[in-house]
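As recorded in TrEMBL:
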| type | residues | note |
| --- | --- | --- |
| REPEAT | 116-149 | repeat 'WD' |
| REPEAT | 169-212 | repeat 'WD' |
| REPEAT | 263-304 | repeat 'WD' |
């Protein structure tokens, strides 16, 4: 079942509808979310940051299981958290703070594994890459930064590096409002939107700007077509603009360079967008409290959902692993309750003893090796076995992923050398 989830900045709860039938499934209570503050954690439960007063010095994060309307876990981070994101497996949650700090928690234990200062002003957007190796952040300072989690969890490399980020894109002149990322891991593209009325397309592999698109209105939300031919940009003028990604386009009579069309229903400002790849549908949320489901081929609205209260500022399309039905077997419901009870609240501060344990789990490569990318597969496997024997801490998991990536790169280089000989 594919469901549509929507939340608001006003305490109207989280609406949940069946995308195919339009039937409302459940309404999750007590939720007033900031933009990008709603996340599905590994399709296992919902998490949402709460910021009822933007000027408040504190906030909290709530968890909901799929079958219960009441929030079951409440966390109190060290500062107000705005955007939230989970990795694909739902094992980690990251949050962006009002101070510009990024927090990295382990879901199973609630431990705060890492915290680092990422931006000069509040973090507004957080996105994982499709392979979970990179984290992209946007901020009120207009900056978009790319973070390698291998670097973040490698204390030795951190001490040697002049900065933690892989790239820092500073071409936006005002607050970053949204970020989306394509497929391909380190070879993917990033599209960022800003209050400066531009969307910028970045290359991760090259670390540079590929395309700058200027819009007639401020853009608060973007979504990429799964084929990465176009992207959609929701404007404060109520229109959803269609911009070309990979093809050259000439200025049209109505819009500027690269903008090839629009979707419009004369609604209030578009606040959020989501794409359902399975049915090729675009979903938009608006300040009028409506969620519209668009057929992108015909540019027609297929269905509309009404949020109970306030402007919609978050939309998710989630494929649930089970049906939301009161007729489910009690055994399954009990199993889900037991599984959900394993997720404790997020820690407010990092535990120093736990951090020391993580540091001990990191194995650095010998200084005698001049070219780490040419390590033999046997040596890499030996390192992986050592890490697995020491436990399943987050640092060890990250190191395992890094070593596997090194092994893949070494094999690719070896194949290239064979071809050149």
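Each Cβ is built from the backbone N, Cα and C atoms, and glycine gets one as well.
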**OP:** Within the repeat 'WD' (169-212) only, compute the mean pLDDT.
**Re:** 95
Original post:
In the repeat 'WD' (169-212), how many residues does DSSP put in helix, strand and coil?
Top reply: 3 helix, 24 strand, 17 coil
**OP:** Go ahead and report the DSSP secondary structure tallies for the repeat 'WD' (263-304): helix first, then strand, then coil.
**Re:** 0 helix, 26 strand, 16 coil
